[in-house]
Amino acid sequence: MKAIILAGGESSRFGKAKAFAKIDNQYFYQKIIETLKSTNMFNRIIISTNSQLASQFEYEYVIIDDEHHQNKGPLTGIYSVMKQYMDEELFFIVSVDTPMITSKAVNGLYHFMVSNLIESRLDIVAFKEGEICIPTIGFYTLSTFPFIEKALNSNHLSLKHVFKQLSTDWLDVTEIDSPYYWYKNINFQHDLDSLKMQINE
């Protein structure tokens with residue numbers, strides 16, 4: 001099983017590439033890699049990013065966005081990695097701006113997926129916060145690839161457009177025994193400042 005860290009966004013609201021923001025004296029991407037490795041679930045953890053940022057990662061497995069679909073958001077990142085690993089059946093997706101994700105969250109979502117997979121024939125299993133879906137923390141089967149490709153080719157670039165066409169299920173973030181901020185994504189500098197305060201409470 002492969003894990004994909006989506007790190008190709010422009011980060012214009014944050015002011016710099018969020019992958020290289022720091023929490024607990026680690027870059028976001030390094031912290032997420034460490035967490036994913038601790039699960040022992042993945043035979044490879046891949047950073048998906050754009051050509052401008054690729055050389056800045058001190059990491060072996062970096063895939064650059066497909067040249068035909070650059071600057072099209074998270075769908076491009078997922079597509080670009082899946083395209084390189086068409087023999088893989090399942091991918092875990094996480095956005096680089098979710099640095100506090102925990103191994104309990106990854107394991108919890110995986111077990112939720114396995115317990116529902118056969119009965120529901122699921123394509124995507126991800127988290128939700130109440131009624132709000134969080135598709136950038138989830139498991140995607142390879143069966144999603146043609147739908148992602150079609151969406152990119154037709155410039156329907158929202159993940160919502162894709163998962164509406166597929167069999168999906170959602171696990172509420174409150175089901176995970178982790179600090180309440182584990183799934184929070186960082187969009188602005190004040191989000192990071194707030195997160196640091198919450199960690200130190």
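Numbers run from 1 along the shown chain.
Note: Cβ is positioned from N, Cα and C throughout, glycine not excepted.
As recorded in Swiss-Prot, the features of this protein are as follows:
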- Leu6, Ala7, Gly8, Lys18, Asp65, Asp97: GTP binding site (BINDING)
- Asp97: Mg(2+) binding site (BINDING)
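Feature map: Swiss-Prot annotations on the structure.
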| residue | record | DSSP class |
| --- | --- | --- |
| Leu6 | GTP binding site | strand |
| Lys18 | GTP binding site | helix |
| Asp65 | GTP binding site | coil |
| Asp97 | GTP binding site | coil |
When the number of other CB atoms within 10 A of each residue's CB is tallied over all shown chains, which of the binding-site residues Leu6, Ala7 has the maximum? Ala7
Applying a 10 Å Cβ distance cut-off over all chains shown, what neighbour count does Asp97 (GTP binding site) have? 22
Does Asp65 (GTP binding site) have same-chain partners at least 6 apart in sequence with Cβ under 8 Å from its own Cβ, and which are they? Gly8, Ser48, Thr49, Asn50, Ser51, Asn71, Thr76, Gly77, Ser80
Taking 10 A as the limit, how many CB atoms besides its own sit near the CB of Gly8 (GTP binding site)? 28
Expressed in angstrom and rounded to a whole number, the GTP site built from Leu6, Ala7, Gly8, Lys18, Asp65, Asp97 spans a maximum Cα-Cα distance of 18
